[in-house]
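S.K.: Found this in TrEMBL, in case it helps:
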| type | residues | note |
| --- | --- | --- |
| COMPBIAS | 765-780 | compositional bias 'Basic and acidic residues' |
| DOMAIN | 88-200 | domain 'Glycosyl hydrolases family 2 sugar binding' |
| DOMAIN | 220-321 | domain 'Glycoside hydrolase family 2 immunoglobulin-like beta-sandwich' |
| DOMAIN | 328-640 | domain 'Glycoside hydrolase family 2 catalytic' |
| DOMAIN | 666-722 | domain 'DUF4982' |
| DOMAIN | 738-867 | domain 'Malectin' |
| REGION | 762-788 | region 'Disordered' |
| SIGNAL | 1-31 | signal peptide |
Amino acid sequence: MPSRAPRLKRKPLGSTLAVTAIALAAGGAHAAERRDLPLSAGWQFHQGDVTPGKGGGPDAIGFNDRDWTTVSLPHTWNHMGGTAERGPDYDATRGAGWYRLRFTPPADYAGRKVWLQFDGASINTEVWLNGVKLGVHKGAFGRFRFDATAALKQGKANVLAVRTDNSSPAVAGSPTAEVIPMSGDFFLFGGLYRQVSLVATDPVHIDVLDWGGPGVYAHTAALDGAASIEVNSRIKNDGAKAQPVVVKTTIVDATGATVASDSHPLTVAPGALEEPAQTLSVPNPHLWDGKADPYLYRVVTRVETADGQLLDQVTQPLGIRTFRFDPDQGFFLNGKHVALHGVSRHQDRPGKGWAISPADQAQDMDIMLDLGINTLRLAHYQHDQAIYDLADRDGVVVWAEIPLVNRTAPETPDGDKGITTPAFAASADSQLHELIKQNYNHPSVVTWSIGNEVNLMAAVGHGVSNARPLLTQLNKAAYELDHTRPTTMADCCEPWPDAPKPGVDVVAEITDLLGYNRYQGWYYDKPEDLGPVLDRLHTLHPRLPLSVSEYGGGGGLTQHTDEVQTGVVYPKGHFHPEELESRLHEIWWAQLKARPYLWGTFVWNMFDFASDSRREGDMVDTNDKGLVSYDRTVKKDVFFFYKADWSDQPVLHLNGRRYVDRAYPVTDIQAYSNAASVRLSLNGRDLGTAPCPDHICRWPAVRLDAGDNVLAATAEVKGQPVSDSITWRFGGKADEIRIRAGASAGLTSAAGARYGSDAFVTGGEPHDRNPGPETGKPDKVIAGATGTPDPKLYETYREGAFSYRVPVPAGRYQVTLRFAEPALAAGARVFDVAANDQVVVKHLDVAAEAGGALKALERTVTVEVKGKDGLLLDFRPITGPAVVSAIDVVAAR
């Protein structure tokens, strides 16, 4: 596979890594530095379009914007996600947003070329300076620049007007109708959500209009003792006369010492663009070696006059490395195998949306490094330069991606037929150009992704997909832009050869690599099916290096279950217990880790993120599959599962700390640790030492005390002591257990009785008649059971042949069994119930005895429990499956 590309030096980050780097001092020469003036404060903002007045619209110099809102950049008007209900600041409006700024350029901008630079504006952007329209940019994610020289008033007040528009492409007549992405499981925040700046250069300069790129592109052409570095620059003369120049390129190491240099004289004709190529040799190079040693050089390209005066300068990072992908052995960096394990990331935060700060970017990377990632998928679009710079600095391998999501055609009748319009294709191509040009020099980036789940809409019945022609075109363009990196994409929906799906095309083997987004056990199948599915795909594509580009499940911080995988959880439902997210990842990761042919695995997602199509778990407008909460304040239990496996730091974390008020007097206790074993105590009582295979430590069937239960865990990792403690409360009684059969969530009855979720059960199948909401639709109204004050208790049930081992101490108990026939007629379901092998309910026909379906029925019996094994309740089918909705086991007092 292809290998290479360059990057930077290990510093605290910041603007030193920016494309328009400030010039270094030149020995003895007067430096005409490239200037970069941030335009952050003092903007006037108006949401929506404005009817022009006598003096014109908001693009006019004299327009009155005094009633507008004053804002600073970065800015968005959209706010959503991370809350249980939509608050007063909720704003999902998609459409126009106007910005106006008055500024006076610095005096030393006179006589120079001046450019307006936008680091990110969503989605379409129109720009006017002093009433002169400078241009239009389409696309929400890439940097773009406009030539402002002719329109700028030197030494005077200038008026900059910007109209952004994040209208939905599905709206008739939308200006974004052919601008990717068409849709996605993430919200497209509007506005000037990244910085705007005023850049000044000499008329002879390094090109600033190359798709927002730096104009200097370096890569490692050969590495054999010395590193051969090819540097290609674009030198533009916007002056009126020819200019002899010298292009001086140096490579500087981490100490600032020059290790290689080259000078290239040339004459640039007026209006011309020259593209000198230089080859520099770095002896005994210090390699960029991922997290082990992310060493960074800098490439400094200067354009000087013949007598040594500086005209322009750009500094870019350089990381010298080789890499390759093997279809059977995975990823190799500098000849050494590296098992890539990491996460995907979206860029939004609550209250800020996409308008995040450099400090936010740095915090995100710090959290990911604390987890122990060594790879990062930047989904599903180009992210801010800060995160690529951080990845360079910290040695994190990056998957970079364009926002070609869900479909490869507009949301029109023709688009539903798979017809890609020229404008749609041009949008994908231009955003690919921006992604590659702007990020070419980052050594962290090892692959360009040309799409994500591009046939998803077809797979769920919305039209047909004809993605291969556009993907083939984009793949070719990516290689022409950068032959040093392989291409990839993320697939959701590849049909099996023996089970084709009408309208769904196979997109594998267009790109050099392929990632599979697979959700076995969450949206479909069982979690244990993930490994066999991947093996089959590997067999289908034996020469194609594969990764798992997404896998994950939801986890609500306020939602908990007593026993994982016994009750029903709907992926689009209102209940996503945190414990289930943890268990799913335990099952998935064991399978992924055992498959060395995977070149990388990426958890979906690092952080919860905004999605206005979501009404599930314990939040609205939020995808809750993150390992960390949307506001970055809470690391879910599953975070520590991966940290124990991926990180070199000592880890000991007791799970379930947010499930404080416990429903049952007996429960399993679990911790994640990279210790060999962990000792646990409860209220000072030693519970013994548990081994931690696969970093999972378990103490089964621990009996809690009444009131507070202080759990304290201790261990040693590589000679370093570690500990953790949490406190639970149990407010019930040891001889009272109430079970809500088939349910993943407990409830409290109208009479105040506490039911835990389905637990202590073997066999049968759980069911829930209330699956929760469907995307974009109101909650379904289901018929409740009659004859009871607690109809919700009867919405769930377990059926089949099954048994409950209820952990109560010896004594006499009243056992109340609660039934409601879900659907069958009288005579279709008959069964016995035995208590400790004695039949206590015989030949029960719920429908017959209750008088029909969905009518509550109770049976209460008295049983004697002897010994320490508790109460065994067997549900024994005679005709059809047995069924129960709830079980009350209460001491007979």
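From the backbone N, Cα and C atoms, a Cβ is placed for every residue, glycine too.
What TrEMBL says about a protein is an automatic prediction, not a curated fact.
Tell me about the setting of these features in this model.
M.R.: Residue counts of the domain 'Glycoside hydrolase family 2 immunoglobulin-like beta-sandwich' (220-321) by helix, strand and coil are 3 helix, 66 strand, 33 coil (DSSP-based).
For the domain 'DUF4982' (666-722), residue counts in helix, strand and coil come to 3 helix, 43 strand, 11 coil, using DSSP.
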S.K.: Between the domain 'Glycoside hydrolase family 2 immunoglobulin-like beta-sandwich' (220-321) and the stretches 88-200, 328-640, 666-722, 738-867, work out which stretch tops the count of Cβ pairs under 8 Å.
M.R.: 328-640
S.K.: Within the domain 'Malectin' (738-867), what mean pLDDT does the predicted structure show?
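M.R.: Averaged over the domain 'Malectin' (738-867), the predicted model reaches a pLDDT of 94.
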S.K.: Within the domain 'Glycosyl hydrolases family 2 sugar binding' (88-200), how many residues are helix, strand or coil going by DSSP?
M.R.: 3 helix, 47 strand, 63 coil
S.K.: Summarise the domain 'Malectin' (738-867) by DSSP state, stating how many residues are helix, strand and coil.
M.R.: 9 helix, 61 strand, 60 coil
